[in-house]
Every structure is written in structure tokens, then in C-alpha cells.
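Everything below concerns the one structure shown next.
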Amino acid sequence: RCVEVFYIYFHAGRVEEPYVSITKKRQMPKDGYSEEIEKEVGQAEGKLCTHRSAFSRASVIQAFLGSAPQLTLQLYICVLQQEITAARSIFMVLSLLSIVYGALRCNILAIKIKYDDYDVSVKPAAYLCIFMWRSFEIATRVTVLVLFSSVLQIWTLLVVLVNFFGFFFYPWILFWQSKSPFPENIEKALSRVGTTIVLCLLTFLYAGINMFCWSAVQVKLNDPDLINKSQNWYRLTVYYMLRFIENAFLLLMWYIYKTDIYLYVCAPLLVLQLLIGYCMAVLFMLVFYQFCHPCKKLFSSSISEGLLSCFTFLCFICKPPKSTMLMDKAEVKSENTDEAQSNSKTIHSQKGNPHQSVSSNA
């Protein structure tokens, strides 16, 4: 692909192309109006766009199936050896930047896939917010996994398998619940077995991404494009709440069972820093969706409204049923009535026998 890209780039414009294709894109709505723009795309430019899209997907695969396990392993070795060499620190920084870049490309791909009909332009502020969001999220997640695995090696496999298989089977469970026919239009040359293998590889990548951070591209197997194009704030909120609880639990287990290699580490301060770091990731994510998203004008509801509705729904679930509250109020009311009746009886009895009350007081 690289060789073909350079060949097309340096030979573009020398020979007149036999045909061009016309693409139609809509601008972002301004004052409630959206204009449609036609653009001629030559054959060379179309091939370059195809290769660029392939490079973006390859960077995502390389980041989460290559750099993420490598960064986790290198940090684990540094923790056990209690030493960080210059070469290893350089490679860890490069691995972290590679993962962050892959997550950033995943966000941009999700935006372009969901809003394919619009001419999307991402501003530098949006890139900065995504970079900070993904940096804090991935760095804290990898550190939490390494700290937990350094003291409870046996249980690390269980945590990894539960996370991985949970996200791997989640798209398949939704597909089986929808009772949709098996997707046949992915590639005409593929058989049913080949299509199944491709879908399994896609969900494998989806699970690998969600192990470390939120996957902006949500897999939907019953959709022709295999991508969920709706903006689901509820799923986003549930993911970050569960991930925060999981990180806090893993840090608690590390704090309880930490060994002598952490003798000179201020454990409470480290736990607090990691939790604050994850909260900073959530903060930058909220800023991105609220202010810097290039297609925020197309949202049916803003991120603040979506989160408010999600929290309202969760509070409604946690709230006790109305019938139970009415029964409690009725019981309290009956107890108050019984108390009042007993007090009135005592007063009447004292009024009826004044001499007895005087003698008893004496």
C-alpha cells in the first residue's frame, strides 16, 4: 500500500484521468439550514482516500493488539525489577503514544462513519481534547492492571478473561436478541464460514479496544455497515461508571495485598492520583462532546442532557417502590394515631381521678 500510495501521488496530474466521480456532502447546519455541496473526485484521489482509510484502521489494530499488551508487559517488568532504564522508558512512551494515536483515529473514524453524509472538519481543539481524554484513560487503566497483577497474579487472568469475553460476546448477544438474518453482504467472495471468521475478528478487535478504553466505534452485527450509528449516551455512561468501579476495586485489592516492593511508595496517594486521573479523562471526554465535537449541532440531545437523563433513570431504579413508601407512611401514621389515643386515655383517666393523681404525685 505504501509503495502504491507514493506511486499514485507522484504520478497524479501527469495523465488525464478517463473519468471522475461526483460526491455529494452536506455542510453543517447554520441557522437551521444545510447546503449540499458537489465535489469531483478523480480516480487517483479516490485510491488515496481508500489507502488513507486502510492506514487508519491498521493503526487502530496495531495500537490495541500490539502496543497495548507491549506497554502493559514492559511496565509490569519495571515494577517487579524496581528499575526503569532509559531505553525501556523510551519504548514505553512510544507505545503509549501509539495507543493514544490509535484511539484518536478510532474516534475520528467513528465520526466520519456516523456522519458520512456531511462534510466533517475536525478542529485542533477537538484533537487536543481527544488526546488528553485518551492519554489519561489509557495510562490509568494500564497502571491499574499492572499494579493488580503484580500482587495477585492468579486473579489477573480471571479479570482479563471476564473483560475480554464480555465485550467479545456482547455484539453477538445483541445480534441474537434482534433475531436478524445472518449478514451476507459483507463480501460477495466470502462464504458463510469466511463471513463468520471476519465478524469474529471484528469483535475480537472490538473487545481488545474496550479492554483499555471506550471504543468510539460500536459494533452492530445486524446493521449493513456493521456499525451502530446512533449516539447512545446511556451505554457510554454505564461503561464509564462500571470501569471506574472496577478500577477502584482493583486498586483496593492491590492496597490490601501489596508486597514489600511497594515499601517506599505512598499507597493512598497513588490510589488517589489514579482515580483522579481517570476522572480527568472523563472530564476531557465531556468537554469534547459538549463543546468540541465537530457534529454537535446534529445531536438530538447534548451530553449534559443525556447524562442527566441517565442519572435520573439510575436514581429511579435505586429508589424504593411507591407502594413500599405508602405502606411505611401508613404504618408511621397508625403508630402516631395509637400513641395519640393512648395519651388521650391517660389524660382522661387522670382527669377522672384527681385525688388518685394527687396521692400518686405525693
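Along the chain as shown, residues are numbered 1 onward.
Glycine residues also receive a Cβ, built from the backbone N, Cα and C atoms like all the rest.
Listed features, source TrEMBL:
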type	residues	note
COMPBIAS	339-362	compositional bias 'Polar residues'
REGION	331-362	region 'Disordered'
TRANSMEM	86-104	transmembrane segment
TRANSMEM	154-175	transmembrane segment
TRANSMEM	196-217	transmembrane segment
TRANSMEM	237-257	transmembrane segment
TRANSMEM	269-291	transmembrane segment
TRANSMEM	297-317	transmembrane segment
* To do: Six or more residues out from either end of the transmembrane segment (196-217), which same-chain residues have a Cβ under 8 Å from its Cβ atoms?
  => 60-61, 64-65, 68, 99, 103, 106-107, 109-111, 113, 134, 137-138, 141-142, 160, 163-169, 171-172, 183, 186-187, 190, 226-227, 236, 239-240, 243, 285
* **Beyond the flanks of the transmembrane segment (154-175) by 6 or more, those residues with Cβ under 8 Å of it** => 145, 148, 203-204, 206-208, 210-211, 219-222, 250, 253
